[in-house]
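Student: The structure's right below; bear with me while I get my questions together.
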Amino acid sequence: MRATVPLGRIAGVRVGLHWSVAGIMLLVAVGLAAYQLPAVFPGHSAPGYALSGVLAAVLLMLSLLGHELAHAIVARRNGVRVAGITLWLLGGVARLQDEARTPGAEFRIAVVGPAVSALLGVVFGGAAWAAIQVGAGRLAAAVLLYLAVLNVALAVFNLVPAAPLDGGRVLRAGLWRWTRDRTTASVWSARAGQGLGGLLVAAGVVRAFTSGVDGVWWVLIGMFVLTIAGGEQRQARLGEKLAGIRVAEAMDRDVPTVDAGLTVDRFLRERVFERGPASFAVSNGNELLGVVGVRRARAVPQRARSTTTLARIATPLPEVGTAAPDEPLSAVMPRLAGADERVLVFDGAVLAGSITPAELDRAAGFTGPQATSGPSTPPPEDDRPPPPDWWYPGRG
């Protein structure tokens, strides 16, 4: 199963759904229709409750999409490229391909999401009041009020100053401006996130034993926050190690390339090996078309692999991460987002090499100019959801 179901583009940003979105929508719809609404507003028909629950779930997803689009649009206006948006079980992810260039840009990108959620809370609250005034019905008003509360809660929770929440980005922007050191700011923001994750886990355990099973949900969220915050701290440390190294010093000059007309079936049988590359450049003769990852090819259903060519599933060249040979290697890290995990290096219009996570790992082990080459191990078939981050620069 593909990790996301593509929905197209909104404001020029690719939007997709992870299959786990069905879980949160089902939870919201069933929770409202079967339990909360009948308990608070008895006497309505079962179809009325069901329709109200489904409507609330859909509007909640649209609210989350609005939150992520705000991040993406402001990021692009501040010179940060956006790989796309994915909605999943715990919210949404706006995948940014670059780091913000200044603390001010970091702050603007971070704060706009909670601002939009707060605004939506006000809008839904006003709509609930209007529904009551015009006699639109208690169920309609209840759904609107429910969405108002959820959006305000989302805004407040996201402003907690701990990575990977938006408040953690705000904290990082402030520390960055104060210390003039992005790495130090990132590390302290991540440590705050680890503290938050630990508190959520502890509170969840206590609640699970004293109040009910909903404490398990707190534990899961806390564990996710701990994991992502720890990853951000490691990424910041890695970026510090790579800061003095140029792309040309670490790139693999031998870019593995496959023909665009090759079928997925032949590609997986003939070009994919246990210790082989995790992704390939795709070309049609002398024309470079894009990049295809092993994971993306494995996601093609078995029955379609013999008739689907790599040209159909490759990430188009305009959407592939690129770099110049003289760029700092640390600047390339966020561009490795996505399943393909290969940044193409161009010297002018000429393909000079590529960078994968393997090159980053090897480069972190030296401090001077050194050529590196060699394949990276392809990832196993994987359908893991993205991390529970409302926006983050890094792998998606």
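Cβ coordinates are placed from backbone N, Cα and C, and glycine is handled just like the others.
Quantities reported herein were computed from a predicted structural model and do not represent experimental measurements.
Okay, so TrEMBL annotates it like this:
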- 12-35: transmembrane segment (TRANSMEM)
- 47-66: transmembrane segment (TRANSMEM)
- 56-125: domain 'Peptidase M50' (DOMAIN)
- HIS67, HIS71, ASP166: Zn(2+) binding site (BINDING)
- GLU68: active site (ACT_SITE)
- 109-132: transmembrane segment (TRANSMEM)
- 139-160: transmembrane segment (TRANSMEM)
- 141-185: domain 'Peptidase M50' (DOMAIN)
- 215-231: transmembrane segment (TRANSMEM)
- 361-396: region 'Disordered' (REGION)
Student: I'm trying to understand the geometry here, so how far is the Cα atom of ASP166 (Zn(2+) binding site) from the Cα atom of GLU68 (active site), in Å to the nearest whole number?
Tutor: 11
Student: For the binding-site residues listed here (HIS67, HIS71), tell me which residue's CB has the most neighbouring CB atoms inside 10 Å.
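Tutor: Output for this query is HIS71.
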